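Over in TrEMBL, the protein carries these features:
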type	residues	note
DOMAIN	25-436	domain 'Major facilitator superfamily (MFS) profile'
TRANSMEM	62-86	transmembrane segment
TRANSMEM	98-116	transmembrane segment
TRANSMEM	122-142	transmembrane segment
TRANSMEM	163-186	transmembrane segment
TRANSMEM	198-217	transmembrane segment
TRANSMEM	252-279	transmembrane segment
TRANSMEM	285-305	transmembrane segment
TRANSMEM	317-335	transmembrane segment
TRANSMEM	341-361	transmembrane segment
TRANSMEM	382-404	transmembrane segment
TRANSMEM	410-430	transmembrane segment
């Protein structure tokens, strides 16, 4: 039998995907993504309320806060490197094996954070070791995101690809919510002294249970149909990064631009606003609860926008959300400054739950559709992670510095975020909407 005959006999079998296969892929993608984002965002929440005091103590509270936020941002700088390393494996060896490595790496880094001595116990080694573990988280997430999205998208039927692609994206809000639930419950159920002494460690160490669950679920999922076709036709790129930069650099730049609004606004709500509202006088537990509720409500809204994109197209939904944010950003800050719980709920509810969910649900599918299967993992990861490194990680630090420099005014932060929106509008406007086409055509 010739190689061509072997391929011809092999390919039809790969097209016979059962509903059970798709359900397993979706569930494995969603749970794994939720665990990864839980681990990753837990650091962001703790940097605002714990790490500044225990790992970056100085004589000035603002300086400690900035140092803690800087350590949070450092992980974003290595996310592109993680994307390059793990997407190379994902495009050469397979999505499934790569995801096993990234999930394990993220989980172990998080557990060790919960076991670290503080600055008072080991001095400068405490922030150094914490930062090293944070960098490991960044490397892991750099490789995890693309594979998690492809696990869902490459199993999806054409007419539901937007919905399937939104499922792993909900891992971001579910992971954030899970972290806030545990943190809020611990912070409100024990004295602050006890929380700072040992309570904050519990969510980090508990991550090991979630990682074992995620590994078990993903192990039950077969390799994606798209990658099986690559293997069957011997079409794997020898050096995916080189091929991506040579033939698909334009798509990478568009991906970077699209990511700007999604990442800047997510960390506006998930990280910066937590510290900002506490600084305005909102009780810490109240702030965490507001973000928690809005994150949970974003879950069904993201699925709605994912399904809507299957009907009207990815680009329309993404651009609608971006324009809506540009209009909403100044009223958002004004509402927070009313020192009213109802106003704060309205601000974050509209901004996070409704507006962010529109383009947050789209980003994975939009980028997956921009690249061919042989370099899909590499191309989408590279663009996504560079955008996150340029804007997402530094966003809380930039916003905090702007507010401090301009005497507490939120206007400069709003202007910065509007600029992010304009960049993404231009980038997404240059994309070719492939919503109604087969993924691997």
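Cβ atoms are placed via backbone N, Cα and C, with glycine included.
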**Study point:** Proximity verdict for the transmembrane segment (252-279) and the transmembrane segment (341-361), three or more C-beta pairs under 8 Å
**Key:** yes
Check your understanding: Can you say which of 98-116, 163-186, 198-217, 285-305, 317-335 has the most Cβ pairs under 8 Å with the transmembrane segment (62-86)?
Key -> 98-116
**Study point:** Annotated stretches the transmembrane segment (317-335) and the transmembrane segment (122-142) touching (3 or more Cβ pairs under 8 Å)
**Key:** no
Practice item. Kindly state the mean pLDDT of the domain 'Major facilitator superfamily (MFS) profile' (25-436) in the predicted structure. Key: 90
Review point. Is the number of Cβ-Cβ pairs under 8 Å between the transmembrane segment (341-361) and the transmembrane segment (122-142) three or more, considering only pairs separated by 6 or more positions?
Key: no
Point to revise | Recorded stretch, among 122-142, 163-186, 198-217, 285-305, maximising Cβ pairs under 8 Å relative to the transmembrane segment (98-116) | key: 198-217
Check your understanding: Counting Cβ pairs under 8 Å that are 6 or more apart in sequence, does the total for the transmembrane segment (198-217) and the transmembrane segment (285-305) reach three or more?
Key -> no
